[in-house]
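Novice: What Swiss-Prot shows for this protein is this:
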| type | residues | note |
| --- | --- | --- |
| TRANSMEM | 117-137 | transmembrane segment |
| TRANSMEM | 183-203 | transmembrane segment |
| TRANSMEM | 211-231 | transmembrane segment |
| TRANSMEM | 234-254 | transmembrane segment |
| TRANSMEM | 264-284 | transmembrane segment |
| TRANSMEM | 302-322 | transmembrane segment |
| TRANSMEM | 354-374 | transmembrane segment |
Amino acid sequence: MKLKPNDIYIPLNSIQFKIHHNDINIKYDTEEDNNNNNNNNNNNRYIDDNEKMKISEDESIFKSINNDNKNQQNDNIINSFNRGSNSFLFNIINFYKSPRFLSGGAVLLYVMTTYDFSASNFLLFNQMVVTIVILHILKHFNILKINTNFEKETIKKLMPLSFCYIINVLLGLDSLKQLNIPMYSALKRLVAVVILVMEYFILKKVSPPKIIASVVVMVIGAVVAGITDLSFNSLGYSLVLLSCIFQASYLIYVKKVASNMSTYDMLYYNSVLSLPITIFLMIVNQEIEYFQTFEHLYDSSFQAYFILSIFLGFFLNFCIFFCTSVNSPLTTSVTGQVKNIASTIIGAMVFNDIIIHPINILGLIINIIGSIWYSFLKLTSK
């Protein structure tokens, strides 16, 4: 290639293109400069990449910390829930495993035995108050018709009912603390005998011979089982027998006044008239002060069972009043013993507070046969 006077030629290995020496404004890059620029760019990219990686790592760490915090918070919430639910489920399992579940007033007795809560009158007082409040609410919304006007004749008629109810409940709870479940169930079937006698003298009612025979079979079974009970407890037997008398009186009174009063009226009056008795017993036993200083007062499980026992008390009383009004005191008594058949069998097999004896088992079987026979006779007579 021929060079002109004003041209400068630089070898291609040191320059990328040809320029005119007067064109000073033209920027050119040598291979060295390009290498430097490339190195700088690479360095810049490396720095940018490092910064991005660092930022990305920081963000990841920050997100990880946040996630860890959130996970820890969630774990704390879940663990707290699990601890609470497991505690409640554990109590539920223990409750259903408890022999007291198999008897009447299970929740009430569970509260008293598991938490060593001895203020039974205070608990019954709350049951009465809740019953009154519920009935007033139902009346206010015209769901039920309840006569809340007290008259002297009504008070005189129902006062024995309320007295027998309170005494029966208290004696039943105390006797359950002294006896095992099969023996308690067997002896409570003697209520049917007391009712047969009271129906004859008070209601002027004579039961058919087969009904009487089935009741006699139940009594024989109870006596046989009681004689061979190696864990004999004289106090427990005395309390449960007294409880039978007051329970029979209570059911007889319900039937006697049922013709002139609805089930809801009887339930309302019984609750109101029971209040003075329970208040008096609470004051005498200093149960209000006891409740205020009770060690499990703020235990959520105790609170749940306490409230549950109150509302179940209302439901149980309504069922007893209704069944007795529609049927008879004897039927209510025997029907209430049907679940005691399962109580007797399961209690004898599962729980270790029973001393097994062959004759004792025979007595329980005879007792159960009498209960089934009575139920069959009542069903076929309808």
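Cβ coordinates are placed from backbone N, Cα and C, and glycine is handled just like the others.
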Novice: Applying the under-8 angstroms CB criterion, which one of 117-137, 183-203, 234-254, 264-284, 302-322 scores highest with the transmembrane segment (354-374)?
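Specialist: Looking only at 117-137, 183-203, 234-254, 264-284, 302-322, the most contacts with the transmembrane segment (354-374) come from 183-203.
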Novice: For the transmembrane segment (234-254), find every same-chain residue at least 6 residues outside the stretch whose CB is under 8 Å from a CB in it, and list them.
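Specialist: Apart from its flanks, the transmembrane segment (234-254) reaches 158, 160-161, 164-165, 167-168, 171-172, 174-175, 177-179, 183-184, 187-188, 190-191, 194-195, 198-199, 202-203, 226, 266, 320-321, 324-325, 329, 332-333.
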Novice: Do any residues, 6 or more residues outside the transmembrane segment (117-137), come within under 8 Å Cβ-to-Cβ of it, and if so which ones?
Specialist: 108, 111, 144, 146, 148, 166, 169-170, 173, 264, 267-268, 271-272, 274-275, 278-279, 281-282, 285, 287-288, 290-291, 294, 296, 302, 306, 309-311, 313-314, 317
